[in-house]
Structures are given as C-alpha cells and as structure tokens.
Amino acid sequence: MREQGGNEAENLTICIGLSIVLLGLFYLIRVTIIPSSLVIGVSFAGFCLTSVDFFDEMYYYEKNKNLKSSIINGLLYLFAAMGIIVMPNLKMDMISNKDALDTLSTGVSVATLGYVFMITGFRNKRISQEQQIQQKRYVQRVEELERQIQLLKENENKKVGA
C-alpha cells in the first residue's frame, strides 16, 4: 500500500476500530445485537494487533527489522482479520453452553485490554525517555552556544582594549 498522509494499513485499522466502537455504542442503546462469538473474534483481533505493536515496541531500536519479524507481523495481521471475519461465523458447537461462551468472551476481552494497557505503558515510557534525551541535547547545545558567546565577548573586549 502507498504512503498517503500515513500508512493505509494504519488508516484501515483506525476505521475498523472506530466501527467497533460505534457497534459497542449502538449496543448500549439497544439498536444492535452482538453475539459472544463476535466479541471473542474482535478481542482476538485486538490481541493480535496489540501483539504487532508489542513486537514493534520491543524491537524499536533495532536498525533493520528482519524478514522473520515481517512474517510474524503479517501472520498477526492475518489472524486479526480472521478474528473479525471468520471467528464470528464459526459454528460454536464445541461450546454449546452459553455461560461457557460468555466466560470465554469476557476472559479474552479483559486479557486483551490488559495487554493494551501494557503496550501503552511501554510506548509512553520509551517516548518519555526519548524526550529526556532530546532535552539534554538541547541543554548541552545552549550551554555550548553560551560558552562560544562568552569567548566572542572576551575576544571583542581584547580587541577594543588593545
């Protein structure tokens, strides 16, 4: 996909996320039905997409991401798409008990949300550390400029006094 105002895959992910948020809001006002199998699929997809972020975050400073990480990310994207499209349409005969399906749905959802919190924390920590490093560089540059200004003033005073 081409780069146009951001990565198109990221834009698609944002649109899917917004659609899921709207589905949840419509569910709250009782205009939609959300089966447990869809909740499990969406939660699984969220887990896969968060895993992509997790691996990207863990290997953020690696200069060249290798073929292995590209394959893993590709598979995680595929599994995420399958979670949204395939999982809700599977026959859940193996889990015929609604309580068991609801328990699975809730468990996967809560685990995925916890994972999202972890990744958010890792990313915020990295960004904060990068900002601190950048701030130290700026302070060092300002101090160096102040030293150079002081030297220029001293040289100018020597010329005027001579």
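Heads up, residue numbers simply count up from 1 along the chain you see.
Just so you know, glycine gets a Cβ as well, placed from its N, Cα and C.
Those TrEMBL annotations? Automatic predictions, nothing curated.
The following features are taken from TrEMBL:
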COILED    128-162  coiled coil
TRANSMEM  12-29  transmembrane segment
TRANSMEM  35-55  transmembrane segment
TRANSMEM  75-92  transmembrane segment
TRANSMEM  104-122  transmembrane segment
Same-chain Cβ contacts of the transmembrane segment (104-122) under 8 Å, 6 or more residues past its ends?
36-37, 39-40, 43-44, 46-47, 50-51, 53-54, 57-58, 95
What is the pLDDT of the coiled coil (128-162) when averaged and given as a whole number?
88
Mind checking which residues reach the transmembrane segment (75-92)? Cβ under 8 Å, same chain, six or more beyond either end.
9, 16, 35-38, 40-49, 51-52, 55, 101
Chain residues in Cβ proximity to the transmembrane segment (12-29) (below 8 Å; excluding those fewer than six residues from its ends, i.e. six or more beyond):
42, 49, 84
